[in-house]
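**Student:** I'd like to ask some things about the structure below.
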Amino acid sequence: MWTPSRRQLCLAFLLVCVLSAGSFFFHLNGGNFFRNGLTLSVLCSDYHLLKSPVAMVCLPHPLQTSNGSPSCPEQSSSLSGTWTITPGGRFGNQMGQYATLLALAQLNGRQAFIQPEMHAALAPVFRISLPVLDPEVDSLTPWQHLVLHDWMSEEYSHLEDPFLKLSGFPCSWTFFHHLREQIRREFTLHNHLREGAQYLLSGLRIGPAGIRPHTFVGVHVRRGDYLEVMPNRWKGVVGDRAYLQQAMDWFRARHKDPIFVVTSNGMKWCLENIDTSHGDVVFAGNGQEGTPGKDFALLTQCNHTIMTIGTFGFWAAYLAGGDTVYLANFTLPDSEFLKIFRPEAAFLPEWVGINADLSPLQAQFDPWKPDSLFRLV
């Protein structure tokens with residue numbers, strides 16, 4: 001008669017224990033595995049990249065640090081469905097898309113996922129937490145599509161589609177301001193960017209006497225393609241020399257020993273047009289649009305902000321806090337831009353607007369000018 005050895009008995013006992021534990025775990029959590037089909041996915045920690053075919057995968061941060069937070073938050077059992085947004089535009093645009101997706105998904109009880117392209121744009125700069133949508137799942141999901149306009153509407157509070165792909169270029173505080181602290185956490189700089197910006201700022205001095213500044217004012221001057229787009233497409237202007245002078249004087253009148261830290265994608269123009277006679281202006285940005293992290297970090301580590309136009313300046317001001325001066329009324333009243341842009345939804349009520357000088361545009365589009373009459377004929 002065969003008698004099992006002690007080793008065989010131990011192995012059999014261990015096998016029974018494993019099967020029992022697995023059965024208990026399945027019955028305890030099994031409903032959670034398949035409740036939402038494609039929406040419920042295997043989520044990975046920040047330092048794991050799963051190789052097996054799973055519904056959703058979190059990509060690792062390209063700049064993983066010991067103090068980095070996980071990119072995949074614990075998923076709330078109250079959230080269902082799968083929402084995402086089509087990334088588009090540049091750095092500030094994608095920040096607006098990220099924040100709007102997060103806010104609308106929470107408002108409607110849905111789980112938000114970002115596209116790999118958005119993760120690649122934002123994760124090198126911020127410790128973002130939204131998980132990343134696997135491309136294969138993206139291609140198989142029966143999406144409903146919604147193009148967002150750039151202000152919060154009541155209809156966005158009652159969106160019932162469980163699989164929704166948003167699009168557009170939302171960047172209005174009306175979507176996410178009620179979650180301001182959460183948004184600030186999402187857009188927390190990686191330590192090396194924050195510390196690098198603070199190191200640069202700590203070494204700045206005012207004038208020949210080397211006065212240590214009491215107040216740091218970040219200045220973002222948007223130029224680049226806007227020099228053509230604003231006047232030719234939108235009947236608008238960008239911030240000019242006179243506007244920047246007024247904005248700086250506004251801060252000089254209200255803050256002791258301010259220093260102005262200028263960043264721009266048109267630094268040559270800034271060097272030639274910004275008045276440096278007070279000895280309180282520093283041209284610190286590198287203007288590299290492909291790697292915006294350093295310029296953005298500098299702006300957000302300042303106490304206050306001067307912005308011209310654009311989402312990059314908006315986000316710098318929003319995250320820096322403090323006082324913000326912005327360029328107001330920068331288009332003609334009949335501009336098509338005002339059909340997609342509402343100033344009251346773009347700028348916080350406490351921010352200070354300085355009206356743009358529209359006289360060059362008014363002369364250009366004056367219907368009674370001889371060349372305008374010639375065009376009409």
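Using the three backbone atoms N, Cα and C, a Cβ is placed for every residue, glycine included.
For reference, Swiss-Prot lists these features for the protein:
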- N67: N-linked glycosylation site (CARBOHYD)
- N303: N-linked glycosylation site (CARBOHYD)
- N329: N-linked glycosylation site (CARBOHYD)
- 1-8: topological domain 'Cytoplasmic' (TOPO_DOM)
- 27-377: topological domain 'Lumenal' (TOPO_DOM)
- 9-26: transmembrane segment (TRANSMEM)
**Student:** In sequence order, what residues of the same chain, 6+ apart, have a Cβ less than 8 Å from the Cβ of N329 (N-linked glycosylation site)?
**Tutor:** P343, G353, N355, A356, L358
**Student:** Which residues, sitting 6 or more apart from N303 (N-linked glycosylation site) on the same chain, put a CB under 8 Å from its CB?
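**Tutor:** For N303 (N-linked glycosylation site), the qualifying residues are T215, F216, V217, A320, G321, G322.
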